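Copied from TrEMBL, the annotated features are:
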- C:6-29: transmembrane segment (TRANSMEM)
- C:41-61: transmembrane segment (TRANSMEM)
- C:67-87: transmembrane segment (TRANSMEM)
- C:94-116: transmembrane segment (TRANSMEM)
- C:152-169: transmembrane segment (TRANSMEM)
- C:199-222: transmembrane segment (TRANSMEM)
- C:234-260: transmembrane segment (TRANSMEM)
- C:272-292: transmembrane segment (TRANSMEM)
Amino acid sequence: MKKLRFTLSEDGKISLMKYGLSLVATLAVGAVMILLQGENPAAAFVEIFRGAFGSRAAIGNTLHWAVPCMLVGSAALVAFKSGVMNLGLEGQLYLGGFVAGCAGYMVSLPPVLHPLFCLLAGGLAGMLWAMLPAFLKLLFKVDEVITTLLLNYVAIFFTELLTLLVISGAKALGTNSIMTPLIHDSAKLTPLIPGTSATTGIFVAVAVVLCVYLLYRYTLTGYELKQVGENLKFARVGGVNANKMFIIIFLVSGFIAGLCGSAETIGVNNRFISRFSSNLGWDGVMITRVASNSPLGVLVVSLIWAAFKAGALHMERTTTLNRYIINLLQALFVLFISIDYGMLYRKYLGWRARKKMVEEEARKLEN
Amino acid sequence: MENERQDYVLETRNICKNYALLKANDHISLKVRRNTIHAIVGENGAGKSTLMGILTNVVKPDMGDIILDGEKMNFKNPMDAAHHGIGMIYQEFMLAPRFTVFENIIVGFEEKKGVFVDRKKCRERVEAICERYHFALPLDELIDELPVSVLQQIEIVKVLYRGADLIIMDEPTSTLTPQGIEGLFDAMRVLKESGKTILFITHKLGEVFRVSDEISVLRDGKLVGTYQPQEVDQQKLANLMVGREVILQAHKLPVSAGQPVLEVKDLRVRDADGIERVKDANFEIRAGEIVGIAGVAGSGQQHLVEALFGLAKPEAGSVIRYLGDEVTGKSPRAHRADRVGYVPQDRIGMGCNVAASIWENAIMGYHRATGFHPKWLIPRRQAQEFTSRVVRDFDVKVQNLENHIGSLSGGNIQKLIVGREFSQNNRLLLIEDPTRGIDVGAIEYIWEKLIRFASEGAAVLLVSHDLNEVMQLSDRILVMYDGRLRDGGGHGELTEEQIGLLMMGGEVG
Amino acid sequence: MEYIQAMYSTITLSATFRLSAPLLLGLAGYCFSNKAGIMNIALESFMMISAFFALLGSYLFHSAFIGALFGVVAGTVLSFLYGVLVFHAGANGLITGVGFNLSGWGLTTMLLVAIFHTRGATNVGAVSFSPIDVPILRDIPYLGKIFNQQTILVYLGPLLMLIAWVVMYKTPFGVRIRAVGLNRRAAETAGVSVMKYSWIAMLLSGACMGLSGTFISLNSLAMFSENMTGGRGFMVLASAMVAGGNPLKAMLCGFIFAYCDALTLTWSGFDVYSQVISMLPYLAVLLVLFLTHLKNIKSFGRFEAS
C-alpha cells in the first residue's frame, strides 16, 4: 500500500545534504590540490575513470580491488554497527594473510577445496587475533581502542617473524623481501576475466557481504547486534546479553578481516608478503562509515573505493600526479561525512524558533 | 525605597522559560526576604529546578528580570551570578572525584600568587570559614570515601568560600540520614544568624515547618503564593501543591485477586554511590491486581523497579519470589523468559530505539521470550504480524511499519511500548509512568488497556509520579517516601490530599 | 650475556634518553587533554604531518628552528580542525581520528612525492638540529655519555614535562582542567567553562605534538619517509592513559617505552630476529596497560559498551 511520494523526509533531506555537501567540498579541495600541482583537475578525473572502467583490464583491476574493500568493509561494519571500536582490522588482516599463505603452500588439496581451506584458515587466524582485545576488554576493561591500535603494529612484526621462522631462511635481508614461498596452483583463486587481475575472489566477497546483509536482516543475532549498537540500554531491558554480543562482534569482525587478508594472499600476491596491506584495514573503517553501516551500502561504496584505487594507479602513470592524492581525498570525504549535519540543522532550527518566540513575547508585552 | 532594598534580597519579575511544549516557568514573580530561610515547595515538574537554574544563570530565561539587592541583574554566565553572591548547592553533589576536599572547595575561585595557586591563602580562608560556621572538614582527604553528610558540608563551605550571600539548597536532605539532617538544619540556622539568606527547595513538609520562615508554593510552572508558616498547616500545603482538577476518570473493573505472583521480602538496594535507596521493602502482588506506587520522584522507585527486573543488584538478604520461585538477582533476559514485562520510565533512552523501525521496536523482548519459528530467525512475516497486532490492538497511528519510530508522536511511541509488553502474555508487568507527557486520548486508552490486562489475570506494579493515575488505577496503593514503602490503603480508601501528605513524609491521622 | 650488557650500556641509555623525546614532547601537551577527558587517536596524524612540515620548513629556510616553528604551527592547526569537528560539528572522535590518520598518511606521502619526488626523503638539503656539547656534563664519567651530545629537543622533553607537572598541580589552570575531566557539571557550576578548557587542552596537545613531530624529522638527521612515526602517536596516547594524565607518571611510562625502543637499536646487531625486538615497545605498552587494569577483574560482567 505504499504511495509514491516525491517529497523527501527530514532524514532524507539531511542525508542528501550530508553526501552532497561532502562530495562538493571534497571535489573542491581535490581540484585545488591538483591545480596547485599544475595539472588539470578534469583531466585527472577522466584518467581515474579510464583507469577504473576504460578497458577490460581496467574493469578487471577494479573488480580485483573490490574484493579486499568489500571484505574489510564488512568486517568494519560488523564492529561499528554495534558500537564496538575494532581499530585492529589491519592486524587481523595480516594474521589471516599469513596463515592463508602457509595453508597455500604447506597443504595439498584439490583445486576448489584448497582455496576454501586457505580462506577458512585465514579467517580463523584473524578471529583468534581479535579475541585478544575482546578478552582484555571484557575481563580487565582495557579500552579496546588502544589495544587494537597497538596490536596492529605487533601483528606486522609478528607475521614477519613467523614468516622468517617458517621459511627458516637466513636472517632478515630488509623488511621488504620477507615472504613465504609461492602457494600451490591448486590454492590460487581462479582468474575471472582472462588477462586481467580479477579473480573468483569477488564471489567470495559478495557472498560475505550478502551473508552480513542476511545476518542483519533476518536473524535474531543480527537483530540483537543492531539494537546493542543503537541503544544498549534498550537492548538490555529487552533481554539481550551484551557481553555475549560483544564477543560475537569481535569474532565475526576478526574472521572477516582474516578472510580479507587470505583473499589478498591467495588471489593477488600468491604468497604472504610482509607489509602487503598498506592501510587496507583502515579503508574498511572508511567504507563502512561512508556506507552509513548498511551492508548493501558497503557493496556499493566498495566498488567506488575500488574504482578509485584502480583509477589512481592509472592516473599516476598518465599524469604527473601521484596516487596518494586519492587516499587523501577519500579520507577527507570521510571527515566531511562524519559531521553531524542533522545536529547542526536542528541547532539552527532551535535558534530560529527561540528568536521567534522571544520576539512574540516582546510584542505581547508591548501591547 | 531604601526600606524595600533592605527588605528583599532577591526578587524575580515575570520569569518565563519554555521547553518545547512545556511551560517550565510561567511568569514567576517571587520575593525573598533578607536573612530568612525561604522554602520553595512543589511537586516534581512544578518548575523549581528551572527557576533555580535561572537564578544561577545555568539556564537562560526566555524573559523576565532578576533583581538582587534592589538592582536589576543581567548575568552573563554562571560565574557572574556566583560573583554577585548567589551560591547553589545541588541535589546531586557537584564534586570532582579524586580531588581532595580542599581542591574541590577552591576550584574556579583560586587565590593567586603570580601564576600559581596561593595554597596558603586559600587554606587560611577555608579554615576561617570552617571555624566560623563550625564545620570540621578533613581538607586533605580525597572525597571518594567520605560519607554523604560530609559531602554536603563541603558543598556548603564551597558556596561560602565563593562569597555567597544567597544560598540555594536543592533538596539537600534527600540523601542524608536523620542525624545528617539535624546537622544540616543546625548549619542552616547558623548561616541565617550570620546574615545569609537561604532558599530551601524541598518536598518534605515536615522539614519545611521545622526551619523555614516563609514558604512559596509552585505548581505547574506558576507561583501559587507565598505563605507564613503560621498561616498554613501540612494538609493545606499539600493541597496547594497537588490539588489539581481531575479530568480523567478510569473505569475500574471489579477484580478477584488470585495467587501471589510477586513476593518481595526485605528488599534493600544501594545505588552506585553506596547510598541505600530502597530500605526493607516488603509487599506482594497477586494475579489480577494492580498495585500502585506513589511517591515523589527520586524516593527510590527507580531502584526498586530496577532491582525487580534484574537491572540492579539487590543487597544480600533481599528476597524476590516470582510465582513461588526465588528470582533475586536474575538477569533481565531471564526475567523476560519468565514472562515479566517492563515499561521503563525513560521512554526514549530505554523504552525504544529511536534509530530503528517500528517493527524492530515492537518485537524487542518478544523476540527472546516468545520468539519466532525457527528460533534463530526473525521472519519478516511473523514480525509484521506481531507488530500489526500491537498496532491494531493499541491503536498506534502508523503509516508504515518500516518507518523509524522516531517519526511517531510521543503518545504513539508510548502506546507501542505498552502494547508490546501487553501482547506477550506476560504474567507480571512492571510499568513506570505509562502516561507521562502524552495526550489525554492516549492516556485514557492506555488506562483502559491496563485495567483490562490486569482483569485477565496478570499482576501489575504501577509506578507513577502522577498521583491521580495511581489512585485511579490501583487496587492497592503503596507510597514510597525516602526509600521506604508506606501503606496507602486500598482503592479509594484515602483521599488525594491524604496520599499527598504521605508522599511528603507527613502522617495521616 | 652480551644482551644483558647491552641492556645497561651507555649506548642504550643514551638512545633511551634520545628516543624519549618524541613521547615526552607530545605528552607534555596531551596530558592536559587526557585530564580534560579527551581521547584523541588523531595524535598519530598530528605527529606525522608536523614532522613533514618541520622538514619542509627547514628545507625552505635552511633553519632547524624555522622547521620547528612549521611543525608547531602544523600541529596546532590540525588540533584546531580536529576540535572544530569534534566539539562543534558533532563528529565522532574516533572516526574523525581515523580520518585524520589516513589523511596524514595520504597528505604526507602525496607531498613527499610531489615535492621531493621520493617516498623516503633524506639529504634533501634540510637542516637538522645538531647535538649540543654541554661543558660540565661532558666531563662527568658515566652520565656524560648518556646525557651529553643530544639535541635541544631532547633536553626540552623532560623540561616540558616538569613544567607540565607544575602547571597541572600548582596553578589555577591545572586545577580547573582536572576538574573539567573529573566532573563536567561540577566544573561548569564552579564557573569553569568546559568548552574553553577543552579547547586550550586540545590546542596545547596539537602544539606539543608539533614539537614531537619535529623531533621525528629533524633530530640529528633530516629525513622523512612514509609512515615514519610508526605508531608513536598511539604510544603517547597509551602513556597518558596509563598515567591517568599525571605528567610525572607519564614521563616514567615514556622512558620505559623509549627504553624498549632503544633496545631495538642496540640489540639489532646481535643474532636475534629484529622483528622480536621491534615488537618490544608495543608489547611493553600492552603489558603495562594489562598490569594497570588487573584490578578490574572483580567487576567482570558489568560491561557497558562505550
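Just so it is clear, glycine is given a Cβ too, placed from its N, Cα and C backbone atoms.
Scored on C-beta pairs under 8 angstroms, the neighbour of the transmembrane segment (C:67-87) with the top count among C:41-61, C:94-116, C:199-222, C:234-260 is C:199-222. Between the transmembrane segment (C:6-29) and the stretches C:41-61, C:94-116, C:234-260, C:272-292, it is C:234-260 that has the most C-beta pairs under 8 angstroms.
Tertiary neighbourhood of the transmembrane segment (C:41-61): same-chain residues 22, 26, 30, 67-75, 78-79, 82, 93-94, 96-98, 100-105, 107-108, 111-112, 115, 121, 124-128, 205-206, 209-214, 216-218, 222-224, 227-229, 231-234, 236-237, selected by CB-CB distance under 8 Å and a gap of 6+ residues from either end.
Comparison of C:94-116, C:152-169, C:199-222, C:234-260 by number of C-beta pairs under 8 angstroms to the transmembrane segment (C:272-292) places C:234-260 first. In this chain, the transmembrane segment (C:94-116) lies out of contact with the transmembrane segment (C:234-260); the count of Cβ pairs under 8 Å, excluding pairs fewer than 6 apart in sequence, is fewer than 3.
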